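Scroll down for the structure; my scribbles are underneath it.
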Amino acid sequence: MATEKGHGRDDEERVPLTRGSTEFRNSIDSFDYSSSTASLSLAVIDRINNSTQDAALGEKGPRDDDDDRYWDDDVEYDVEDADYIPSGGKPMHKSVKIALWTLLFLSLGGWSLAFVLFIFRSHDTYETPISSEDNISSGGLRGDRITLDDVLGEEWMPRHHFISWFPGPNGEDGLLLEKDGLGSTGYLRVEDIVSRKDTKSSKGSIVLMQKNTFTVGGETVICSQVWPSPDLKTVLVLSEKKQNWRHSFTGKYWLFDVDTQTGQPLDPAAQDQRIQLASWSPQSDAVVFTRDNNMFLRKLSSKEVTTITSDGGVDLFYGVPDWVYEEEVFSGNSATWWAHDGNYIAFLRTNESAVPEYPVQYFVSRPSGEDPNLGEENYPEVREIKYPKAGAPNPIVDLQFYDVRKGEIFSVDVADRFPDDYRLIIEVLWASNGKILVRETNRESDILIIAAIDVLSRTGKIVRKEDINALDGGWVEPTQSTRFIPADPSNGRPEDGYIDTVIHEGRDQLAYFTPLDNPKPLILTKGPSEIVNSPSGVDLKRGLVYFVVAGNEPWERHVYSVKFDGTALQPVTNVSESSYYDVSFSDGAGYALLNFQGPKVPWQKVISTPANENPFEEIIEQNNHLSRKLRLFSLESKVFQYINIDGFSLPVLERRPPNFDPTKKYPVLFYLYGGPGSQTVDKKFRVDFQSYVASTLGYIVVTVDGRGTGYIGRKSRSIVRGKLGHYEARDQIEVAKKWAAKPYVDESRMAIWGWSYGGFMTLKTIEEDGGRTFQYGMAVAPVTDWRYYDSIYAERYMHTPQHNPQGYDSSAISNTTALANNVRFLVMHGTADDNVHIQNTLTLLDKLDLANVDNYDVHVFPDSNHNINFHNAHKIVYTRLADWLVNAFNGQWLKTNNPTPNDSLFRRAATWAGLSI
């Protein structure tokens, strides 16, 4: 469940400005994958929530100017043109027009009066949204209200520029890649960040590609993504990109020569075959790539392609992850790593022969693009995915090496490693002189080992081992953020080392291990704040590490630096303000793209880091369009606070309608995600679905980061292990009870909703509550039984079903009697969800049928995946949520045993309609 991931928070989950689309690709794409991300992704919701995770994927919004100097990912818009109906026939006589208009107004008036009488005579009245006139003083000048279309579109998205920092061929710092879609100054350029501030100067600018198209043998190639070689002489080009899963894709690859501005196929003998992955050698003299799950090497000195592996196929993957490793471990599409000297390539060999398949059916579309066989046109297309569910056989992974000079593959045995079927390889990091660090865990992700391998001597040993389960009952989150620190005796570093995140005094902190085989680190950070997916940048010359921390409060983010010896801890951002920052650093950490993400209107600036002797600052985005909109619209107010439940201090965000009146009674909607290590209560600026509910519908929205979530200490996080949903549901219910007791809350109108893991939590909460506090629930793409979810995620937090059968039983949504005690609940799911299979929803429906429970609604979206966006589905999801919620708080879903027709109401409506009955 990766990144609203997921569903993520992905999403709606992210990679620094074009990282993944333009950066020097010499290893796995670097993702700022926080320890919080479950692959029950926060990705879908994040698109609605306008959330930018870490320094990676940001949201884009309307532009204020024509400044195209900073690179943005392409934005696709769905444009639906209204049907144009031409007029025809003779002009209508004026008197006839007048008569018709008079009749129309009289009819409309009568219907309007009847409607008003009907509403006021009905007992099902509800809190009317506060009028815009009453809200002028607390919001914009006009007090306008946002619409659902506003929050689903680009209207309120902060514009976010991505900068793809590039390591200079000669050690230059502060170089960046730029792409200009108009091609006025070249399509792809490398520029010095300092000299580029002077737009009249071309100093430091190198044009790599004049245009985004070129011709090869009469075929026009249109760039989808580009990766310059480290020496800037050749560009690796991807065209005809086709998405596979969340992170993976295929396409045609080309080599574009910068000097001649001409291109050639990466594999001249098979230029029409689609490739899964390609990456540059650090020396710019070769490209390794994977096609049909086999690996190949193309040296630029020749047009010949060398076959590295030949037995890859459906069950055997080389250099690329399978579905579960892509989703839950690497959050990316690469399992290939070049050594710094270019002499060796490390790669994963993934054997899926024992992994069961899950069929994903497509009833409307044919994603394969292939025509069905004759006579099979009316059958759904089925895609079989190797998907290991909890307790099922996992893929067996081995780290192998390719000696580029000798052309041979070899493996290195390490004593006392986990058995093949009980091992997860979660990170690979090259050091120097042929040494490589491999991070592994056991299947349940609670014992960590670090193995150091020497590929020159072909020997290896375990240099560090940690039993996380014994330490605090927790688990190991896979990250790709460990940083190698090379030896530099002149700068006080006699040995190689690495910076890693460790558990120290109940928090995630930074630690420096040196030499590589030293298991005892120097702790770099301490205190109550937790490190966020760090380090973010390393300045080797000045001996500094930069990192992001959840500041004085868990809903904040601030940037700090500290020396390699743990001294001179300094803030980079203004820690006196309660703010949320994100950052990406240049290769040498002399410069940074600083992203202010809230609570006020986001802005971005490129700065020199404090240790840089040459001060520099350039504002590149202020989001003036949002500042202007805020002056016109009335939005919700936000109240951040802590609520103590069972001795744990939980972050809570309350969104109040404009012109909040404490003497009124408001309905309340709880919105949650709640996955292990995740965070939903933060100070990012966002105008999302929750904003619409509070600002326009006039309801209070409450979000609680309960036990199990991130950045409030490992004690509260680890407690949920083995019993997902138990403590988290209790926290939601106990906080809801406190809100129900508030004088401004209508305790008879309380609902809860979530997507993905949040969908699971919605159902678990209303199951545990049994209608005593919440009356309504809305669950989108929910897990209903962790046995149905993928093994790596589920077992990380629940152990295996064989180890913890009782925990799986109690976590499953199964108490149909309790669900029946709620007034009503809604479940929505996509049929082609490859992440949270619709099996979850269908088995729940079967339980409800067997128990004769019918107080629920279901909406199934054909061919939609976990994001639910096929054929207008994304808009329908949120429209359905909003309408269903209004009906609920209107009292339209009141339970009635043995309902009978209301004849008097029917006759009254028929009379108003002019019907004779």
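Along the chain as shown, residues are numbered 1 onward.
Backbone N, Cα and C atoms are what each Cβ position is placed from, and that goes for glycine too.
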Stretch carrying region 'Disordered' according to Swiss-Prot (options 1-21, 799-819): 1-21
Nearest recorded site to D833 (active site, charge relay system) by CA-CA distance, among recorded positions N351, S756, N815: S756
I need the most crowded of these recorded positions: N351, N574, S756, N815, H866. Count other C-beta atoms within 10 angstroms of each C-beta and give me the top one. S756
On average, residues of the topological domain 'Cytoplasmic' (1-99) score a pLDDT of 35
Cα separation, N351 (N-linked glycosylation site) to H866 (active site, charge relay system) (Å, whole number): 26
Just to verify a number: CA distance, N351 (N-linked glycosylation site) to S756 (active site, charge relay system), in angstrom, no decimals. 29
DSSP-derived class (H/G/I helix, E/B strand, else coil) of N574 (N-linked glycosylation site): coil
Rounded to the nearest angstrom, how far is the Cα of N815 (N-linked glycosylation site) from the Cα of N574 (N-linked glycosylation site)? 50
Inside 10 Å of the Cβ of D833 (active site, charge relay system), count up the other Cβ atoms and send me the figure. 22
